[in-house]
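Asks: My questions will all concern the structure given below.
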Amino acid sequence: MSNIQTAPRSRRNTELLLLLLALVVGIGANMLVGLDQDRAFDSDFFTQGVTLVVLVLVVHVVLRLRAKYADPVILPIVTALNGIGLAMIHRLDIATGDSAATRQLFWTGVAIAVVVAVIWLLRDHRVLRRFTYLSLIASAALLIFPLLPFIGMEVNGARIWVNLGFATFQPGEIAKITLAIFFAGYLSTNRDLILLAGRKIGPLQLPRWQDMGPMLAAWLVSIGVLVFQRDLGSSILFFGLFMAMIYVATSRVSWVIIGLLMIAVGGFVAFQLFPHVTARINSWIKAFDPEVYNAIGGSHQIVQGLFGLASGALTGTGLGQGRPDLVTFANSDMIIAALGEELGLIGLSAIVMLYVLLISRGIRAALGSRDAFGKLLATGLSFTLALQCFVVIGGVTRLIPLTGLTTPFLAAGGSSLLANWLIVALLLLISDAARRPTMTGPANGSRSPGDRPGRRSKSDERNTGSTEVIQP
Amino acid sequence: MNQAIRNTWIVALAMFALLFGSLTVVQFFEAENLNANPWNSRTIYKDFDKNRGAILVDGDPIAESVPSDDEFAYQRVYNEPELYAPITGFYSLVYASTQMESAMNDQLSGSGDEFFYEQIMQMFSGGQVEGASVELTLDAELQQLAWDLMPDGVKGSIVVMEPDTGNILAMVSKPSFDPNELAGHNTEEVTQNMAGLEEVPGLSPFINPANESLLAPGSVFKLVIASAALESGKYDADSKLDNPPALKLPGTNVELPNYVNGGCAARTTADFSFALEQSCNTPFAQIAMDLGEDAIAEQTAKFGYGESYQIPTHVTASRFPTGMSDDLLAQSAIGQYDVRVTPLQVAMTSAAIANDGVLMKPNLVRTVRAPDLRVMDSPKPEELRRSLSADNAKLIQDWMVNVVDRGIGGRAAIPGVEVAGKTGTAELMAGEEGNNSWFTGFAPADDPKAVVSVVFEDVDVATGSSLASTSAKQLLEAVLNK
């Protein structure tokens with residue numbers, strides 16, 4: 001066990017302080033948007049500000065009651081990101097006459113309600129381990145929904161949407177969580193078997209064919225998403241998630257190499273066979289070729305995004321002063337370009353730094369976690385966030401081909417917001433379990449003074465349940 | 001397992017390191033290139049949100065930005081649009097900007113280096129840099145008079161310039177257009193309007209014909225030959241010139257005649273004054289062949305041929321052909337064959353003669369004034385070079401006075417004032433009716449206040465020469481009455 005043994009402190013007051021700072025950032029940004037458009041302090045501003053404050057304070061209070069040892073930095077970071085996202089979406093609404101910010105606020109509310117429910121009802125992430133195979137079935141169902149007639153919808157060529165009647169939803173966003181739960185459950189149970197069996201060829205320890213099953217399954221899911229849903233981004237995300245988790249479970253680089261080879265082959269075949277993949281790659285490599293630029297579905301969007309980033313330069317135009325609305329999908333796929341234009345390289349770097357911190361806190365929770373399931377789940381979820389940032393920001397800056405993924409917490413889109421807040425809920429729970437004082441020795445042993453009597457029996461119960469901790 | 005988790009974290013950090021790298025490349029190292037990309041409408045959009053400075057004539061705005069309630073903060077508006085269109089150009093979302101709007105963009109938009117302080121302040125305050133206003137050298141009354149002197153439906157240009165400063169007082173071309181039609185923010189409408197303008201015969205909305213159209217000069221080019229002759233030292237005021245009614249061009253069966261009904265037939269030998277007064281062709285053709293192509297080319301260069309200028313709008317280089325055989329050289333001497341000049345170049349030639357041989361750089365900008373009314377720039381008169389000696393210039397001045405006094409430029413005469421002038425008629429196509437009718441001159445001859453260059457394109461000889469000379473007279477009269 002590598003967690004540092006210090007006297008456990010809940011640090012909820014630290015969280016409250018950071019939370020206030022995060023709210024100042026988010027609401028301050030929204031205020032600047034209004035000021036620059038000569039419409040400061042309109043009703044939108046107050047509704048958005050007050051709602052955001054109430055929502056995150058509710059999460060804070062629930063954490064105080066139910067998961068008081070949860071990492072104090074995660075919630076403030078996510079609040080800041082969500083607030084900045086709302087401000088930029090509101091700013092783009094003013095330019096385009098849309099009301100995406102109101103929808104985003106609604107979905108923030110929904111997401112936080114779900115977060116509260118998860119923290120309150122689940123209490124311990126290890127419960128999820130019981131649902132390993134249920135998660136697999138759920139993942140399959142979520143990925144198949146959009147392909148079904150009547151409820152499935154195709155938007156901009158990708159068939160990843162479900163029409164719920166009152167709203168549309170991308171089940172694939174939730175599927176990355178259920179898949180992570182499945183992988184974590186499956187790998188934590190079977191890792192010994194996977195590790196011990198297998199042939200050795202040179203320095204590479206190759207797995208047995210039957211142990212390749214889940215990897216092939218993951219590969220097939222990724223390829224299936226690419227072929228049937230035409231969603232390159234999610235395909236990369238699912239496969240990356242699985243690779244990270246199997247590496248953490250086995251510590252075998254050979255798996256990663258096999259995985260990378262499979263993705264290279266799959267990617268090359270996809271490039272040859274599927275026009276939507278070919279188009280993406282062309283828009284990336286030949287973005288400034290007039291033919292590609294002017295083609296429908298060509299590089300116009302990415303090039304306009306680059307122009308936006310470039311016009312922001314080092315210091316940005318200032319919120320409300322640029323023309324981020326010139327880029328298509330400015331408030332969702334391209335919100336990074338919009339933020340880069342108005343906040344500049346400096347502002348955008350600060351935002352990206354928030355992601356680095358968030359992911360590091362997630363990894364910290366994984367390191368501190370006392371059970372393999374928690375370690376795997378926290379690493380998988382954190383790595384998903386990192387990979388998503390990489391695919392989106394890398395795509396916008398033309399480091400890699402642009403795919404249709406959304407920036408976590410910033411981009412307009414209910415499904416993505418809900419899914420990412422769910423990830424946060426799980427990371428909070430895992431970090432709570434990791435940082436909670438261990439109850440070893442007699443049951444009447446000293447408890448930390450902050451522990452409430454009402455929680456005792458349950459936390460004891462959980463601690464006895466942690467005998468299955470697997471030491472690395 | 002924890003080591004693997006740490007390694008995963010390192011991979012995540014490496015991905016973010018790549019992201020920071022690519023963001024820095026796009027937003028810092030490549031930013032300038034991306035901002036300059038012609039597909040980048042942002043630069044234009046940014047400019048269209050600015051309070052762009054006005055272009056002024058005699059203190060009144062001929063182009064200004066007024067607050068607009070559409071998607072841009074300001075709308076560019078042209079007052080007296082047709083009168084000034086070739087000078088202001090237009091400022092368009094679709095067709096970019098032209099002429100003064102383009103040449104003075106740094107000042108008008110406030111983006112030039114001289115706005116460094118304002119730009120720094122704007123970075124902190126978040127406000128917009130306001131552009132400077134540009135006051136032109138033009139004289140509103142002369143400009144209007146020049147416009148009125150050109151009949152509608154005729155293609156032509158008029159330039160009025162101060163010979164001692166190079167300041168342009170009037171610059172008019174017809175047909176003209178309304179730049180407001182191209183400055184609208186509705187791109188579809190603007191595209192349609194442009195299509196309509198391109199249908200207008202003789203109109204190109206992108207150019208200022210007085211500076212950028214190249215025309216055959218006809219006999220006004222004889223001023224250059226006379227200058228070359230005097231400057232060579234081989235000829236002087238007393239030189240006797242052969243003046244046969246027609247000259248058989250060497251190596252051809254073509255005869256180059258004097259104008260049949262003109263006064264040239266009266267003498268078979270002439271001096272410079274007579275040859276210019278009656279605009280005889282044969283003496284000048286012989287001088288050209290005698291001096292040779294190089295000497296004449298050198299003289300054209302001294303008058304400014306072969307060079308383009310920014311005044312600050314673009315002036316196309318006038319040209320004198322090279323590598324000609326003697327027969328072509330003879331035709332060039334009377335401003336035919338491939339000699340091509342801008343109306344401004346003709347004014348510059350007269351200006352150098354009027355200014356005792358010194359050629360001043362033409363100029364359209366009087367002052368550039370910051371929004372706080374501070375004068376940021378006021379161009380000083382700039383000497384380009386000496387085109388010919390003062391003595392030779394004075395000789396040609398006298399001969400040009402004779403052209404108006406007792407020669408074929410009589411219609412330009414103003415009672416009580418010595419007017420110097422030279423007419424020109426260039427055949428556009430052998431055997432066809434269309435001619436370019438020119439008049440260039442200045443007054444008063446001993447202390448010129450203004451030179452004029454008038455050209456009517458593709459007109460018949462009688463109407464053209466009468467229009468050109470009388471227009472010049474009225475313009476010079478107006479200048480003298482000021």
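Positions of Cβ are set from backbone N, Cα and C atoms, glycine also.
Remember, TrEMBL labels are computer predictions, not curated facts.
The compositional bias 'Basic and acidic residues' annotation in TrEMBL covers A:449-463. Taken from TrEMBL, the feature region 'Disordered' applies to A:438-472. The transmembrane segment annotation in TrEMBL covers A:16-33, A:45-65, A:72-92, A:104-122, A:131-152, A:255-274, A:334-360, A:372-397, A:409-430.
Just tell me what is around each of these and how deep it sits.
Replies: Same-chain residues lying 6 or more positions outside the transmembrane segment (A:45-65) and placing a CB less than 8 Å from one of its CB atoms are 10, 12, 15-16, 19, 22-23, 26-27, 30-31, 34, 75, 79, 82-83, 86, 90, 101-102, 105, 108-109, 112, 115-116, 119-120, 428, 432.
Here the transmembrane segment (A:104-122) has Cβ contacts under 8 Å with residues 47-48, 51-52, 55-56, 58-59, 62-63, 66-67, 82, 85-86, 89, 128, 412-414, 417-418, 420-422, 424-426, 428-429 of the same chain, all six or more residues outside its ends.
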Asks: Please identify the stretch among A:16-33, A:131-152, A:409-430 with the greatest number of Cβ pairs below 8 Å relative to the transmembrane segment (A:334-360).
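Replies: Checked against A:16-33, A:131-152, A:409-430; highest Cβ contact count belongs to A:409-430.
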Asks: By Cβ distance under 8 Å, which residues at least 6 away from the ends of the transmembrane segment (A:16-33) in the same chain are close to it?
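Replies: Contacts with the transmembrane segment (A:16-33): 40-41, 45, 48-49, 52-53, 56-57, 60, 72-73, 75-77, 79-80, 82-84, 86-88, 90-91, 94, 318-320.
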